Structure formats: structure tokens, C-alpha cells
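Structure provided below as C-alpha cells; questions to follow.
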Amino acid sequence: MWHPKTGDTAIHLACRFGRADLLAEFSCAGLDLQISNFEGKKPLHEAAQFDQSECVKFLLTKGCEVDCIKRGDWTPLMLACTRPQLDVVKLLVYHGANPAFVNKDGWNSFHIATSYPPDATDSCGSTPLMDALRAGFVDVAHLLIQHHKADVTKRDNLGMQPIHHAAQAGQTAAVMFLITQYTIPVNAVTHTTLITPLQVAAKEGHNDVLKSLLLHGADISLTDHKGRTALHIASGAQHASSVALLLANGAQDCSDLSGHWAKDLAYREGVKQAFLNHGA
């Protein structure tokens, strides 16, 4: 059965409203998971357009064509790019969706994605620029900044700027791109927590980022709102090699606002040894 005006089937509606459980039932009953409505939309189009990631995942695992087209030559990836969430986009691309496919208007998925305000934010306050840098796509970041005027100093809900996101993800090239080409301050701090890119990298144990930030003048002695230095944070995260790197670059142990010294936070033998090797 289908809707007399749209041709939508129960499968289309299940995808639109995120009922992956019903899709499983329909599949077991032998129904066609690639049936089209009167606009040529297949269930995968519906799931992608309405950001129903579980339905998208189910359909793809059942072998549905990832680049199926509807009227106007729109693919599921194009429809997903009209939404602010990235989960469905990632799923489709992972399963081989072609972002270069062009519709009848000459648009590909990238054109559609960038037709939105360049600094549009998700629920966490992240922008497309932050996402691009976090993933290491420096060329995309450059395009967003140069051609779409994306804000390189925009902050997310935690007060983190693009440089913090790049440092957190261990994307050294992205960090250097921001510092060298857009003169982003190497010691940029979050609004309330006063966290620097160096401290973010220390928490994650990204030594290449630490080295590059220090080479470009990062202040190793800066403290966050709790009085913690990058050394405190690396020690608390039990990153022995990061602790050794910071100590070798002049980090001095000190007490934070709670009275804790960085070496007091070390409980793994490798981290304790890093302090001992430095005479701390």
C-alpha cells in the first residue's frame, strides 16, 4: 500500500520517523527496501533527509544503493547535507557515497553543505570550520575561511576556538595552519576555564602538537582556572612521554589552587619515572 498523493509506503514513513525496528520487520517480511515514491525518493532518501542515522545504517547494511537518485538527481548524501548534524553524512561517505555527484542544478554535496551560514553551530556550538580542522582537512578549512568568511576565532559552548579543537584532535598541520597563516595567538584561552591549546594537547598526549606549539612560543607556565599548568594536566592524564617533553622544555612543577603539585598526580610508574629522571 502507498499514499495516493505521494506514493509513500510504510517503509518511507518508518524511515522518516526513525523506526528502524519496523524496517527490520519489513525486511524479514521480504518487502522491497528500495521502493520509490512518486518523486523517486527511496527509503534511504527519507532516512537521510530526516537525520535518522539508525535507519540509514540499517538500509546500508542491507545493501541499499548509497547513491540512489530521486527527482532532480538528488542523492541521499545531498539531502543529508541540508541538515546540521553530521552522523548521517559520515555514515553515507563511509559506505562510499560520492560527494562529487552533481544534481540537475549543477550542485554537489559540498555546494549544498556550504549554502548554510559558514558559522552555523551544532548543539555543542561547533562550527563547520572546527569540524574540518578537527578532522585534519586543512584544505577545506582554507576554503571555508577564504571563500565563506568562516570565523577563525569563533567559540563553542565550552569557549574553545578552532585552534583548541585542532590541538585536541592531534592535528598538528591544522594547528600550524591557524598560527602561521591566520596569526591565531598560540596562547589563546577559553573564556571561563582559561585553557590553552598547549594544555588541551597535553591532556590528550599529542606530543607533536606540543612540540609545534612550544616551537611557536607557547607559554609553558600558563595556568587554567584551577591553577593547573600543562604539566599538571599531562601528569593527571598519565602521559609519561608528554610529561618528559614538557619537563625537557622548561616546565616547572608548582602547586595548583587545590595544593596539588604535578608530580603528586602521577600514579603510573612511567609518569613517576619521568619526574624522577628530571630530578623533580
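Positions of Cβ are set from backbone N, Cα and C atoms, glycine also.
So TrEMBL has the following annotated:
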- 39-71: repeat 'ANK' (REPEAT)
- 72-104: repeat 'ANK' (REPEAT)
- 193-225: repeat 'ANK' (REPEAT)
- 226-252: repeat 'ANK' (REPEAT)
DSSP on the repeat 'ANK' (193-225): how many residues come out helix, how many strand, how many coil?
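Final tally across the stretch: 17 helix, 0 strand, 16 coil.
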Residue counts in helix (H, G, I), strand (E, B) and coil for the repeat 'ANK' (226-252), per DSSP?
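Counting residues per DSSP class in the repeat 'ANK' (226-252), I get 16 helix, 0 strand, 11 coil.
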What are the DSSP helix, strand and coil residue counts for the repeat 'ANK' (72-104)?
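Taking the repeat 'ANK' (72-104) as a whole: 13 helix, 0 strand, 20 coil.
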